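These notes concern the structure reproduced below.
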Amino acid sequence: MNEASSGLFRFIAGLARHQVVASTLGSFCILIFMLTGGFVLARENVKKWWIWGYWISPLMYAQNALSVNEFLGHSWNKTIPGFKEPLGSLVLESRGVFPDTKWYWIGAGALLGYVLLFNILYTVCLTFLDPFDSNQPTVSEETLKIKQANLTGEVVEASSRGRVNNSTIASRDTEDGSNDESTSNHATVNSSPGKKGMVLPFVPLSITFDDIKYSVDMPQEIKAQGVAESRLELLKGISGSFRPGVLTALMGVSGAGKTTLMDVLAGRKTSGYIEGNITISGYPKKQETFARVSGCEQNDIHSPNVTVYESLAFSSWLRLPANVDSSTRKMFIDEVMELVELSPLKDALVGLPGVSGLSTEQRKRLTIAVELVANPSIIFMDEPTSGLDARAAAIVMRAIRNTVDTGRTVVCTIHQPSIDIFESFDELFLMKRGGEEIYVGPLGRHSCELIRYFEAIEDVRKIKDGYNPSTWMLEETSTTQEQMTGINFSQVYKNSELYRRNKNLIKELSTPPEGSSDLSFPTQYSQTFLTQCFACLWKQSLSYWRNPPYTAVKYFYTTVIALLFGTMFWGIGKKRHNQQDLFNAMGSMYSSVLFMGVQNSASVQPVVAVERTVFYRERAAHMYSPLPYALGQVAIELPYIFVQSLIYGVLVYAMIGFEWTVVKFFWYLFFMYFTLAYFTFYGMMSVGLTPNYNVASVASTAFYALWNLFSGFITPRTRIPIWWRWYYWLSPIAWTLNGLVTSQFGDVTEKFDNGVRVSDFVESYFGYHHDFLWVVAVVVVSFALLFAFLFGLSIKLFNFQKR
């Protein structure tokens with residue numbers, strides 16, 4: 001049975017080709033097989049139009065084989081007075097199981113056949129079915145120009161082919177670039193004047209750092225090798241400065257610590273020990289203030305179901321000062337989109353990386369734009385060109401160059417750039433393995449300053465004509481080359497005139513200018529709590545409306561399930577002949593609660609997991625506090641759950657034939673609504689408490705099983721051992737079933753054929769009391785509130801991103 005189930009789910013995943021759709025379809029198949037498999041309804045009670053489901057259910061074959069194996073054994077081979085057949089055969093016949101030993105082999109053979117069938121179908125799906133979404137459904141403006149040129153034979157300008165803005169490089173041909181001041185002047189003078197006059201002004205800021213050290217606790221595997229130190233030092237006294245209008249490349253071999261340095265300066269480190277001084281335009285850095293004036297490009301994850309323009313509108317709404325009116329904000333967004341060349345894509349959906357929506361290069365430009373609409377003075381970018389081809393990398397670099405030309409301070413880590421991209425930078429901050437700087441200064445014309453510096457060092461090989469200066473530089477300063485030549489490049493740099501000039505510059509920039517004041521803001525966030533709530537709810541409403549694999553599939557699943565239950569339990573709510581009629585009616589309630597609830601919980605988890613990654617980035621940028629995000633995520637579910645409950649409740653209530661009174665119908669909708677709500681919030685909570693979607697899925701499944709076991713349907717509360725009865729009171733499903741059964745049958749005075757009143761049987765057998773109904777209702781609502789609260793608390797307290 002386990003292998004057949006695994007094969008079935010693999011086949012469903014291959015057929016659906018979408019995580020949420022596959023999860024929904026998988027739940028639907030489980031429901032069909034369970035309802036028609038002889039467990040909830042015996043074979044004789046399955047309607048004739050559903051009997052085909054009984055014969056194709058793998059669960060039926062497994063259950064029949066196991067039942068025959070058990071009840072035809074010696075321990076059940078006894079007769080009771082008044083019956084000729086053994087007790088085991090009577091039990092099998094009462095549940096519609098064939099009391100024949102051949103069902104051992106029928107069951108085993110059928111399950112083996114299902115294993116082969118599902119795996120063959122899975123292979124067929126992988127062979128012939130393509131993904132629903134293409135990787136890059138949107139085409140960049142540059143690609144369209146090139147395609148048009150190929151068709152018409154026109155010549156495309158170099159800039160349209162994605163080359164870096166050559167005006168900056170060309171300007172270096174007229175500059176000596178021999179010192180820091182000339183480089184700074186060059187960057188300012190040659191910036192595009194049209195770009196500096198944006199609708200929103202900003203204050204240019206410099207950042208200096210002196211003797212920065214960063215260490216972490218010594219890993220156990222290194223301690224095991226006999227190392228006595230308690231800490232591992234990753235940065236060893238790094239010093240430097242980044243200035244407005246200067247584009248700085250932060251480079252080094254893998255393990256040099258360039259990303260670590262950027263994370264320390266940006267305040268993104270969540271662990272470790274930091275020492276040293278960091279100043280912003282001469283004042284000590286305060287992370288709460290710095291986050292409001294800086295942009296930290298951390299990753300390219302954005303909410304997938306909003307457009308480019310909406311992403312920028314959301315960021316600007318929450319990060320620009322409250323006194324900026326909406327019309328000015330819209331003008332500024334348009335300017336930023338033009339700056340990074342996103343205007344043609346303003347209405348394109350962002351999508352998921354590598355799955356749908358924007359291409360990698362477009363996504364990186366969006367990340368830059370999301371930071372720019374906050375009107376920052378300082379921007380850090382971690383490898384903005386990684387994973388891009390030459391054309392795409394050049395497009396991104398052109399957007400970065402345009403950003404620098406507005407007078408902002410921009411620092412990029414970069415890995416093995418091409419000559420064009422490398423020479424688009426103004427300055428270089430070069431580090432070697434071990435966390436030490438070995439060159440901090442201007443690149444100069446065609447990297448002449450960099451080349452002059454290293455070629456002046458004895459035993460460093462001269463660069464070949466046409467060779468990439470960045471590649472040559474990394475090769476000559478590698479650990480292997482240091483060992484071969486005996487050169488300590490860090491020591492050489494610290495003994496150089498360049499180092500002394502940089503230290504003087506750090507000292508100069510660490511002194512506040514006359515008439516300046518330290519940055520301060522009256523509140524932690526730009527917008528009020530209420531505005532944060534509105535903004536988060538606005539974005540969630542767009543995301544849900546444009547997510548049919550989640551919302552539309554949920555409604556389709558609900559409708560199908562309602563019709564399934566209605567036709568399978570047709571008219572059963574009116575029957576009062578015997579206790580089995582009540583069990584069948586309760587079975588419809590139990591099955592709907594379990595399957596629809598678990599489906600709601602499982603389907604919301606990937607949605608919340610994706611949005612939580614976006615939340616981490618937005619919270620680090622101080623866009624909003626965790627509570628408005630959690631409230632928005634919870635609140636947007638409520639109307640969708642209400643519609644879902646209404647669809648299911650109206651269809652099932654009418655088809656099953658429960659008593660048509662306003663009170664009973666209200667109670668039915670009430671319990672279904674809050675049950676689906678607490679299952680949904682439980683799924684959200686499980687994501688909030690765990691590091692990723694996979695762990696959340698596994699952890700939540702364990703509790704589904706416990707809730708099911710102690711729901712009161714498989715074993716009523718009165719028959720649960722006293723030492724386990726406490727868990728019955730903790731099971732949300734038990735309270736839901738209590739409310740549903742009590743509201744429909746707890747006040748029914750009709751009698752079964754044996755003379756027992758329905759209400760008395762409900763009270764004696766299940767332990768449900770009709771006068772306890774309001775307490776049950778409060779408890780069910782409390783479960784929904786509890787799981788929603790724990791979701792918000794987990795979002796606030798836990799950060800599973802470790803840097």
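From the backbone N, Cα and C atoms, a Cβ is placed for every residue, glycine too.
TrEMBL does not curate its annotations; it predicts them automatically.
Annotation comment: TrEMBL describes 162-171 (among others) as compositional bias 'Polar residues'.
Annotated compositional bias 'Polar residues' per TrEMBL: 180-192 (among others), in sequence order.
The domain 'ABC transporter' feature in TrEMBL is assigned to 207-458.
As annotated by TrEMBL, region 'Disordered' applies to 157-192.
Under the heading transmembrane segment, TrEMBL lists 20-42 (among others).
Taken from TrEMBL, the feature transmembrane segment covers 49-66 (among others). Panel annotation: around the transmembrane segment (49-66), residues 1, 4-5, 8, 32-39, 43, 97-98, 103-104, 106-108, 110-111, 114, 567-568 of the same chain, lying at least six beyond its termini, place a Cβ under 8 Å from a Cβ of the stretch.
Annotation source TrEMBL lists transmembrane segment at 103-129 (among others).
The transmembrane segment annotation in TrEMBL covers 555-573 (among others).
The transmembrane segment annotation in TrEMBL covers 638-658 (among others).
Taken from TrEMBL, the feature transmembrane segment covers 665-687 (among others).
If you look up TrEMBL, you'll see 693-714 (among others) marked as transmembrane segment.
Residues or ranges marked as transmembrane segment by TrEMBL: 726-745 (among others).
Per TrEMBL, transmembrane segment is recorded for 772-793 (among others). Packing against the transmembrane segment (772-793) from elsewhere in the chain are residues 626-627, 630-631, 633-634, 667, 670-671, 674-675, 677-678, 681-682, 684-685, 688-689, 732, 735-736, 738-739, 742-743, 746: each is 6 or more residues past its ends and has a CB under 8 Å from a CB in it.
Across all of the domain 'ABC transporter' (207-458), the predicted model scores a mean pLDDT of 90. Spatially, the transmembrane segment (726-745) is not adjacent to the transmembrane segment (20-42); fewer than three Cβ-Cβ distances between them are under 8 Å for residues at least 6 apart in sequence.
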